[in-house]
Amino acid sequence: MAANVPLSDFLATAVDAAKRAGEVIRKGFYVKKNVEHKGQVDLVTETDKSCEDIIFNCLKQQYPNHKFIGEETTAAYGATELTDEPTWIVDPLDGTTNFVHGFPFVCVSIGLTIGKVPTVGVVYNPIMNELFTGVRRQGAFLNGVPIHVSSKDELVNCLLVTEVGTKRDKSTVDATTNRINGLLFKVRSIRMAGSCALDLCGIACGRADLMYENGYGGAWDVTAGIVIVEEAGGVIFDPSGKDFDITVTRIAASNPLIKDSFVEAFKQAE
């Protein structure tokens with residue numbers, strides 16, 4: 001079916017779904033939330049669940065034969081294997097902790113893989129009214145305006161974004177803080193804003209120069225952002241310098257000029 005449908009049609013459907021879910025997020029942002037715990041610091045709200053339903057219903061109406069992977073359905077029913085079939089991979093509310101605290105760095109993330117390749121990406125922050133889109137070989141955009149990664153070529157001039165994840169065992173926390181400590185001597189500054197998808201979009205539009213995350217939640221965190229970064233001229237890779245593998249939950253992104261320097265700095269900080 002994917003071979004007979006223009007990618008622009010997939011994009012339009014994803015944008016529609018993201019905006020519908022985004023309206024629910026926007027309305028829920030300013031009211032008291034009913035919060036559940038998936039882990040010590042990993043939260044989920046009724047908004048996460050209702051937004052996933054909205055998105056999947058919208059997508060399934062148009063593409064009933066496609067496959068679907070979502071953060072909340074995966075948490076409830078277990079992982080779904082990624083195949084070569086057209087597959088929609090959805091995080092209905094990336095940045096749930098931010099949402100709960102009223103910090104406006106939240107988004108809907110909708111990605112489509114075809115042949116396991118991220119092909120269409122939509123990331124929508126309804127609080128800041130920013131819509132990032134990308135289609136393979138067709139460019140990346142913020143609210144319809146073309147975007148491009150930065151041109152920084154020295155680490156000392158770079159802004160690095162990362163996340164600390166949700167694991168709080170001592171070995172993970174020590175490794176995370178030691179790594180950040182080492183990298184902080186190499187770059188201009190470091191930011192942690194609480195949304196992997198929006199971190200990737202920050203690389204795509206040049207707000208930040210480097211991004212990495214060890215142990216992100218799942219493919220729903222990165223699929224859409226990968227398309228947007230690559231279409232904005234950026235590169236996606238494993239922080240070790242190896243090729244990116246979506247099943248390993250390690251990701252890095254940058255402009256092509258700074259990748260090698262970052263990989264070397266990352267190895268030294270490990």
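Cβ coordinates are placed from backbone N, Cα and C, and glycine is handled just like the others.
Database features, via Swiss-Prot:
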BINDING   GLU71, LEU93, ASP94, GLY95, THR96, GLY194, SER195, CYS196, GLU213, ASP221  substrate binding site
BINDING   GLU71, ASP91, LEU93  Mg(2+) 1 binding site
BINDING   ASP91, ASP94, ASP221  Mg(2+) 2 binding site
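Shown here: features listed in Swiss-Prot, placed on the structure.
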residue: GLU71; record: substrate binding site; DSSP (3 states): helix
residue: ASP91; record: Mg(2+) 1 binding site; DSSP (3 states): strand
residue: THR96; record: substrate binding site; DSSP (3 states): helix
residue: SER195; record: substrate binding site; DSSP (3 states): coil
residue: GLU213; record: substrate binding site; DSSP (3 states): strand
residue: ASP221; record: Mg(2+) 2 binding site; DSSP (3 states): helix
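Rounded to a whole value, the Cα-Cα separation of ASP221 (Mg(2+) 2 binding site) and ASP91 (Mg(2+) 1 binding site) is 6 Å.
Comparing LEU93 (Mg(2+) 1 binding site) with SER195 (substrate binding site), their Cα atoms are 9 Å apart once rounded. Note: ASP94 (substrate binding site) has non-local neighbours VAL106, CYS107, VAL108, SER109, VAL123, SER195, CYS196, ALA197, LEU198, TRP220, ASP221, i.e. same-chain residues 6+ apart with C-beta under 8 A of its own C-beta. Most Cβ neighbours within 10 Å among the binding-site residues GLU71, ASP91, LEU93, SER195, ASP221: this distinction goes to ASP91. Geometry remark: GLU71 (substrate binding site) versus ASP91 (Mg(2+) 1 binding site), CA distance 6 Å.
Here the C-alpha separation of GLU213 (substrate binding site) and ASP91 (Mg(2+) 1 binding site) works out to 16 Å.
The Mg(2+) 2 site is set by ASP91, ASP94, ASP221; from the centre of their CB atoms, other residues of the chain with a CB within 8 Å are GLU71, LEU93, GLY95, CYS107, SER109, SER195, CYS196, ALA197, GLY217, GLY218, TRP220, VAL222.
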